[in-house]
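As recorded in TrEMBL, the features of this protein are as follows:
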BINDING   18, 19, 20, 21, 22, 23, 131, 132, 133, 134  GTP binding site
DOMAIN    6-203  domain 'Tr-type G'
């Protein structure tokens, strides 16, 4: 009979963005008294990265542990966004079951499909928590039916279809096995009990030779590189001589210098760990995700973790604009390259390739959000860089060129559904489902080429006056559609001079389109200062000052009034880019520019391109 470790449960919490995963983990930490009572629980304790706190999303997978009735529950909190799916896939290897958190009103969303599919593929045991049961618009019974339909659609087996359901309001700290909000009790016991009763305990084969696989990486200035993962077999102690089986098939011997276990939000040093434990190991400087640690006399590596390939790429290059070096701490191509290569150490979904030019790199990721988070992180760290327009990665499958398609789910007021359907059809999206969700809302589901969605979110928000909600996730590769899809419909307003933008000039230019800069902003020749109201690019002088005369006029003392400029965020700037443009990113500024700054040289290049196409 197989021996089990009944004192441990390893579980991952998965969900769509903003369905309450991290809040639920906070509440489990609080109610299990794992956190020091003297330390006030910080809301969303597990979202520790600045960008995570600002955006309210989880980017990196986190791990923690709580003790309940003598059982140690290791909890992995995973990202809910497809762009960080690389994290989700690795976590699935570390756990024996998943807690699927679903919003009691929104129900199953594209991202729920993505993470659930990954869990079912690993034959993990699911538990469903219907969260936000206290919402007035909650529809728990229908949501459970939707989840069941999704399980069937994703090919769940009979055991997985018998999932237990807990109804909760994580933010209020209440839960119950009943779908009636009136039955909610101020305790998370139903969640804890369901985890212990339904998630399988890990197999206790700690007498056998060690097998530990690295699923996550961390870095510490004192101990260097740290590999986080699960012990699948055997026991490990501090001081053990072990062998690391590398991804390329080579092996390296090293001594385990430190072991860490997880207690609440803390990582504590331990002397020994055995099969079923989730731990961190240090002692090997160049350890990577997917590699296996075994005893030196029994080298049996585990299969390498499969990670989905990137679907989007863009060019990163050192900043070479006229304002280069003014605002950043790290401005050389060598520094930018070092930082990109450092990111590869922890982000397995990222690819960085050198190009013909020493100061340009092709960076590939899982989506716009994935790459924009990297750009924003580098910007905050003091880097100056430029990036090109994102483009999808074309793959050849069985001799056929294929491009990534995304599953797009849209919730919009009924009065805007016609505009949404038309706009996505123009971007070659195919509608596969449409249903009314009540309260004058319609849910639309499309299958659309990923390149058609580049730049679409901004258009969608203005089309639905901010009331529409759009979620999309990678679905599959399909044959390339031979058509121009997406792209900007209007041209750019491009500065013809270098200097400071003046109110006088902005007043004369703003009737031509939308302005992106404030008076007093420094601009340079070739910099994009706005969007033209027509399809063509237009060069304008935005630095011209009003001529002073000694003639006093009746209107002389009138105050100049200009429209408030539209200041683009980093994501909006990426969406705005065309193929012949760059986004310049520094710690203080985000600027858009033409790749060729000189107006005459741009015209020559455009003419040459046109003649070569003919």
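A Cβ is built for glycine as well, from the same backbone N, Cα and C atoms used for every other residue.
Counting every protein chain shown, 19 other Cβ atoms lie within 10 Å of the Cβ of residue 18 (GTP binding site).
When other Cβ atoms within 10 Å of the Cβ of residue 22 (GTP binding site) are tallied across all protein chains shown, the result is 25. Mapped onto three states, the DSSP output places residue 133 (GTP binding site) in coil.
Reduced to three states, the DSSP call for residue 22 (GTP binding site) is helix. Residues 18, 19, 20, 21, 22, 23, 131, 132, 133, 134, recorded as binding GTP, reach a greatest CA to CA spacing of 18 Å.
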